[in-house]
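Okay, so here's the structure we're looking at.
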Amino acid sequence: MIKVLIVEDSPVVRELLSHILHSDPQIRVVGVAESGEEALKEVVRLRPDLITMDVNLPRMDGFETTRRIMEEIPTPIIIVSAAWVSTEVEKTFRALEAGALAVLEKPSIAARDYDIRARDLIRAVKAMSEVKVIRRWSRSPRIEPAPPASGEPDIGKITKRFEVVAMGASTGGPTVLKQILSDLPDNFTIPILIVQHMTQGFIPGFVDWLSRAANYPVSVAVHGEEIRPGHAYVAPDGLHMGVNALGKIILTKGEPENGLCPSVSYLFRSVYRAYGENAVGVLLTGMGKDGAYELKVMKDCGMITIAQNKETSVVYGMPGEAIGMNAASYVLPPEKIARVLVKLAGSVAP
């Protein structure tokens with residue numbers, strides 16, 4: 001039985017979330033909290049397996065509440081937010097940065113896709129309740145040992161020009177992508193194509209959040225747009241993203257792959273067909289296996305492939321699947337991924 005604490009100041013939304021979660025026999029709502037302060041008390045008293053968190057709470061907002069919980073009693077947290085409210089979107093991504101695992105749009109009984117959102121909530125609660133979260137934001141500073149990782153490529157042996165970097169991520173991906181992009185310099189020359197699994201409606205806010213951290217433009221991909229050096233492009237809601245040999249973005253409403261659209265597998269396959277060995281594939285934290293097999297094909301084509309290491313992955317599903325099939329040339333934490341990409345961008349044959 002999965003024990004859930006609902007943190008939400010709206011009685012109507014609290015009741016709706018409780019109704020949805022109680023419809024599954026494997027889930028039990030053990031408590032509700034109307035404010036951040038109450039949530040902090042209830043999480044200690046009830047010890048839930050998972051928390052659903054609103055971001056707009058009286059006095060202490062969802063970001064600060066998430067930060068405090070991850071500092072004091074780490075617990076899996078799903079942010080349940082309104083995608084159409086810009087202030088909520090901003091707080092949502094700050095909460096992800098503080099340690100929340102995922103974001104879902106608030107369900108509405110009047111919405112046409114109510115049944116889909118209800119199923120998504122139940123599915124997310126079941127999946128995220130199994131994630132082992134770690135303590136964050138310690139009051140007392142301490143020095144953490146660097147996580148183990150394999151060595152970085154010997155850039156001196158690489159003499160080809162890399163035309164594009166393709167990245168895929170799911171659960172835990174937003175903060176990792178933010179770290180990698182913010183660690184790349186403003187003169188980074190390789191275009192980056194990104195697929196991040198995310199609830200529909202949040203991609204524009206996600207891109208805006210990323211662009212404020214990055215040192216170069218980050219935008220939602222547009223069909224037919226030519227990819228440019230020093231730019232990052234994020235796949236939009238509900239469309240597979242690929243690229244052709246002319247360097248133009250191709251968006252298509254195809255069947256889901258691995259149950260997902262956009263799919264990392266689709267992006268990776270498109271990239272190795274268009275660029276062969278002159279591309280880099282990066283598979284980051286995430287649930288499932290999207291992109292793992294295609295990363296193996298990339299490596300077999302002679303491409304540089306990178307998977308995030310287990311120690312820094314929120315969920316080791318996608319990179320773990322890839323590593324298990326020997327699909328990764330290098331297994332690295334996010335900060336080393338950024339350093340390797342910088343070196344690859346400068347590794348052009350004279």
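Numbers run from 1 along the shown chain.
Backbone N, Cα and C define each Cβ position, glycine as well.
Shown for the domain 'Response regulatory' (3-121): DSSP residue counts in helix, strand and coil, namely 55 helix, 25 strand, 39 coil. Per Swiss-Prot, domain 'Response regulatory' is recorded for 3-121, and the stated evidence type is sequence analysis.
Around the Cβ of Asp54 (4-aspartylphosphate), 30 further Cβ atoms fall within 10 Å across all displayed protein chains. Summarising the annotation, Swiss-Prot assigns 4-aspartylphosphate to Asp54.
Predicted-model confidence for the domain 'CheB-type methylesterase' (148-342) is 93, expressed as mean pLDDT. Summarising the annotation, Swiss-Prot assigns domain 'CheB-type methylesterase' to 148-342.
Marked as active site by Swiss-Prot: Ser170 (among others). Around Ser170 (active site), the same-chain residues six or more apart in sequence whose CB sits under 8 Å from its CB are Gln196, His197, Val264, Leu284, Thr285, Gly286, Met287, Gly288, Asp290, Val315, Gly317, Met318, listed in sequence order.
Taken from Swiss-Prot, the feature active site applies to His197 (among others). Reduced to three states, the DSSP call for His197 (active site) is coil.
Feature annotation from Swiss-Prot assigns active site to Asp290 (among others); the stated evidence is sequence analysis. DSSP assigns Asp290 (active site) to coil in the three-state reduction, placing it in neither a helix nor a strand. The number of other Cβ atoms within 10 Å of the Cβ belonging to Asp290 (active site), over all protein chains shown, comes to 28.
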Please state whether DSSP places Ser170 (active site) in a helix, a strand or coil.
coil
